[in-house]
């Protein structure tokens, strides 16, 4: 976080006669007082925009409000229409800022910069009201914007300003109505008409006076327009019963909005709004064909098609197609019948007609029996021919976007006419690209399916169907046919067939993404070594990309300029034309580069990711010693001087030219020689007093060397062999100079020795003393008179001359460094950031405009009550293992902790104890910057402000400013940073604060004004008002952030009591006033009621959106971070809005993310690797070539005015919009927007790091996807996108989760099918058990296993890693992940996704789950894991394990161990993963003492009775009821499906009882019926009627063939039966709860949970008891590549704080 912003200049007093406006608090610009001393007011564009608003002129004054001179058009509108005063103030600043910024961007600038340009206003009006005009056109209404587009009149400008002002005022006060954009259009339409009547001086017919608006007076708009509609929405939310009612039982935001998509809104609602309208009433009441062809068992499919009969049968696919169409029409009617009303009668007609036509096709295709191909051809062409034209992209776009009745009739059959979802087709080139992609994917899938899935199964299926006299092991109801068995054989194949497209998509998208990334030049600079090779071009790349170039106005954007750009980039990328030579000659360019680079390095140091010593190695020092070349960082020059010396030694007799030519082959070598030579000369002349003989000797010596170089006689004049001696002496000299204590005598001695070497050994010709004196190279005075040469001539600079000693240290480093410094900087994060930044500058990006001409933008972060700044207690408090957060951070970030302590010492910390006293704030900041806190996010986002200020300075600074500034900085920069010698430094130098160490020292003042106009950061701290009232520490910390960040604003919702039990709600914006030194309130806009009606987060964003500014808004979450070097590229990114991508300009700019939590634990690494491939490679492919990228989350940049008029940046309806942000992408695509993806800029993002957090996150996302499937947005996208884009959309959003569900269903289908075949006796038939059958099944299982292991999520990871970090590194990472059991994690998380997605589909009830973002070093108890995972994983794993055990016992196939293993290993792995993952990834998961304690805790929890207020964490019973919540809210069909699924548990009993000895081989149904006696016995045992049970067992032993083995075997049969009963009882709870049976159900359920707990605990207990497992588990969990395992083990076992011994 920046602590160095200069406070804005103080205001002079107000100049207006009315005192109130001059004094009022302002947000960014004091528009109320244009004469104030504020840097932004120096721009004539701001004054021009404000003056345009003040041009009220001859407008009729509002009748009931006193009119003052300073009032403007917005005040005029506010007075007439009853808008709130603060809304008017807010929108005034909003409008002035936007118009001023837009005018600043004009190119060429307008002739008169003091007046508002008409074109700027016209463009803005068209953009802002585009949605309104489209809406009017859609409804066939004439727009009420009365402005002629052809003729331009002066009076139009004022009218245009009134229209945009009116829209913004309506929007600014609409509160929750902003989620219903067409409702706002409706309100604007009518208010616009009333405005027109006032402007045109209409007379009211009733009163005979000039027309007045139908609503006016104080807060009239809020009370009479917004409130009635708001109250309707609120009442509907009440009907939702907290989101548990079915979606059809109440109207959400989208339902309300779509009311305004038909003309009836004009007839029913009227204007002013008729509250009696019914609107306000809220209490309303491909595989088929493959099998046909494969059935012939030919080698290739086309061979089978030669037969006429096969052709006819293959064409019966059309019959299947017609059946599917018929089914679809029935489903449509079933789902949408409730939409049919008197107004939508035609919808009903179309449904009926579609059913009739589909039935007609079935009859037509079915009538012929065996029909000829020609006949079918005619029929099918008839079916498809009707809509051929409709599917040509541009024709369809035209038809859908043109609101002509005739076109509506043409398209009526295909789809309903809706306002959104029209004209979604892409351009021809994009169409071809994504079509090709999907054609290849589908072709691969069909080939694979035919040859490896379908064909091998044909023979066993035929054999099974033809098998006769199959000996069934039970009572078989369908004994004359084996079709059911054949169906079970095919079921897993069919399921895999449906979902394996996901695998092929993953494979192809990985390689396409890699190709796109390669062409975008990603990963060309992967590490410091590669940067070193290209650093000389890097300086030019910064100049080219980050510095605006002056272009002629007419050439910008022309074909020629684009071609020149491409050539220039090519030269930069490959160093053609030696661009660094130009940099050397252009000192201004070099200085600009140095300023930027050094600022980046300074910020790295502030963040403590590099040390003071590394700063000196990395920075580009300013040219203070008259060096003739660019002074590259020491890092690049290391070892080069020694190599040059050895070259010179080898080429002793070579001529100068040849030697210099060899040296110049390496640019760094050339520079280091010149720099070393110039620096040595400067140094020697600096430490020897001027006007002494010694000084003149040195001068003459260097003159001679210079002259010999000039005449190319250097090698002839001097001996190259003497250079190493000179080199050694210079090293000794510099070593003495940079010591803290200087010994002048030793310096004199070494200077004398150096002189001797030069004079005696360096010159080739020996000269005697007289000759030397004559040439000025020896002292003229007698040797004895004054002692040694140099004795009294040495004068060292003062100790506080930091610049001199810094340069001396640099020279010493250059002379001595022998290693190649590949490991500098040592911090991996610093290396990654430098590599990414340098690589990105060689990628294609738009040119940067000047800061003044860039687009303005805001950042918006919603915040509730998460950590702002870690406090002292949080850092020090140990958890149960004795680990504090601080100790954990010190160990994970060891080098950064050392750097932090070094910085603290430099800033005045005397001893280590001060870190807890005077430096406690710094310590808290350091820790908070490594967590997922608001402080970290704010620091990151304020880098935009800091970067733009520096860029604004560089834009306007003259050559002189930069040169002088560079020198000034060089003398002051980082005065305290001496590596290790700071203690001997003067106190004044040491106490220099960080504020003195930056380029900000050079600013002239105007930079602040420019940047405040271009950038605002709003944090929506929803409950900040409540936190302040409660004196919550969070409030103080937020205030501290505002105090230290000038551009930060905080928006919150204030609740004010306004009488008995009544509250008023306000949207409030505050800032910290630097003059008054306190927080000031800027705006307070009253809301119609409580903010939260739907999902909280989007409504928090929505209320703060009115306080954002600029053309774009970046949505940033609370767990994100940003980097200074990335912020430098923001103005380039915003230029993307000017370029077309396909046929549209972008409306959302996608930005890539870097997941910064990957180093915390292996689990965090798996999560971050998976997420990284998704946010880079995944999004890249979606944007290009698939053209279907949505907004999956943050940190995308939205076109603010486009979204402002189309429903905002997220959706907020309860439950259905639980994944609120993705709906912004859906909405964008449906409304004709365009989403792109850009990878030259990145933002940091944190992820959940513990298994429980990860699982809750996965649960939230999966539930959200389940709700998305039900949403209208997904339905419309599915209908309106073309087939191939629809496939892309499906497989990358809801389809991914659907297919995860299919994988789990495949496992179930396979295992239950196998169990059926084994227990029924069918499998015993030799005909079934052949190799082909198993071969086909093996293929299916392998595919399922591939998914299960997460390999299809791993492939994109490997490919992306290969691209960005190299292939070998990627493979090593992958192997390491496997060793750390990543497959167990991926299998486990697949189970989480499938469970929650499936449950949401069946029963609804998705809910927001707060995951918490802390560090995971704490052991989770067994009871907590059981509560979280029992239903989603443990019970299912036990069920599958039971099937596998029964199958092993009764299957003839299982007798062959290898076959059994081959068939079931994937399933056993799934069972293992689902049971063991929560313990493998739990710190101290296998600690024996903790395991014992956990079991006690679990049993206490199970038996805890508790009271009414017991929580699920305390009482098993409360948890058990909570786990059934979804069954209380589900519908009738949800309950039916649940019961059907539960019936599977009764199958065990049916299958196993016939295998018991007691059955005596009988196949009668009576055996099964009698087995229910056992259930009664079990019940009796449960109620302790042991005598009865004993009697029954004795009787069975005596009178039947019952054996004791039967008793244990039957447990396998009857335990599932009991569980089935419990599950069904839970569904029937409303009927059973009041009966005595319910207590039995609860007791039995408790017993089952104890049994499950013991089953899960057994392997955990065993592994805990075995030695060595705990340490191994710690190593697996807490390290990267097994390197830090032991170190982290110290954390888990250590009990001490590290601060004390640091």
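Cβ atoms are placed via backbone N, Cα and C, with glycine included.
Annotations in TrEMBL come from automatic prediction, not curation.
Because the structure is a prediction, the values reported are computed rather than measured.
Marked as region 'Disordered' by TrEMBL: 1-23.
What TrEMBL lists as compositional bias 'Pro residues' is 1-20.
Under the heading domain '1,3-beta-glucan synthase component FKS1-like', TrEMBL lists 158-274.
Feature annotation from TrEMBL assigns transmembrane segment to 351-378 (among others).
Here TrEMBL flags 435-452 (among others) as transmembrane segment.
Look at TrEMBL and you will find 481-499 (among others) tagged as transmembrane segment.
Residues annotated as transmembrane segment in TrEMBL: 505-525 (among others). Outside the transmembrane segment (505-525) by six or more residues, the chain places 437, 440-441, 444, 531, 534, 573, 835, 838-839, 842-844, 1176-1178, 1180-1181, 1184-1185, 1239, 1291-1292, 1352-1353, 1355-1356, 1358-1360, 1362-1365 with a CB less than 8 A from a CB of the stretch.
Look at TrEMBL and you will find 1289-1311 (among others) tagged as transmembrane segment. Remote same-chain partners of the transmembrane segment (1289-1311), defined as residues 6 or more beyond its termini with a Cβ less than 8 Å from a stretch Cβ, comprise 488, 491-492, 495-496, 498-499, 501-502, 505, 1178, 1182, 1186, 1188, 1190, 1222, 1262, 1265-1266, 1268-1269, 1274, 1277-1278, 1281, 1337, 1340-1341, 1344, 1347-1348, 1390-1391, 1393-1394, 1397-1398, 1401, 1440, 1443-1444, 1447, 1466-1467, 1470.
What TrEMBL lists as transmembrane segment is 1367-1389 (among others).
Residues annotated as transmembrane segment in TrEMBL: 1434-1453 (among others).
Marked as transmembrane segment by TrEMBL: 1459-1481 (among others). If you look at the transmembrane segment (1459-1481), the same-chain residues 6 or more away from its ends with a CB under 8 A from one of its CBs are 1162-1163, 1250-1252, 1307, 1310-1311, 1314, 1334, 1337-1338, 1341, 1344-1345, 1348-1349, 1381, 1383-1385, 1387-1388, 1391, 1420, 1425, 1428-1429, 1433-1434, 1436-1438, 1440-1441, 1444, 1447-1448, 1451, 1453, 1656, 1659-1660, 1663, 1673, 1676-1677.
Distant neighbours of the transmembrane segment (1532-1552): 474, 1312, 1315-1316, 1319-1320, 1402-1404, 1442, 1446, 1450, 1568, 1571, 1609-1610, 1612-1614, 1616-1617, 1619-1620, 1623-1624, 1627; these residues of the same chain sit at least 6 beyond its ends, with a Cβ under 8 Å from one of its Cβ atoms. Annotated transmembrane segment per TrEMBL: 1532-1552 (among others), in sequence order.
Marked as transmembrane segment by TrEMBL: 1572-1597 (among others).
The transmembrane segment annotation in TrEMBL covers 1604-1628 (among others).
Here TrEMBL flags 1648-1666 (among others) as transmembrane segment.
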Most Cβ pairs under 8 Å with the transmembrane segment (1434-1453), selected from 435-452, 481-499, 1367-1389, 1648-1666: 1648-1666
Segment confidence, the domain '1,3-beta-glucan synthase component FKS1-like' (158-274), expressed as mean pLDDT: 88
Tally of residues which DSSP labels helix, strand or coil - the domain '1,3-beta-glucan synthase component FKS1-like' (158-274): 78 helix, 2 strand, 37 coil
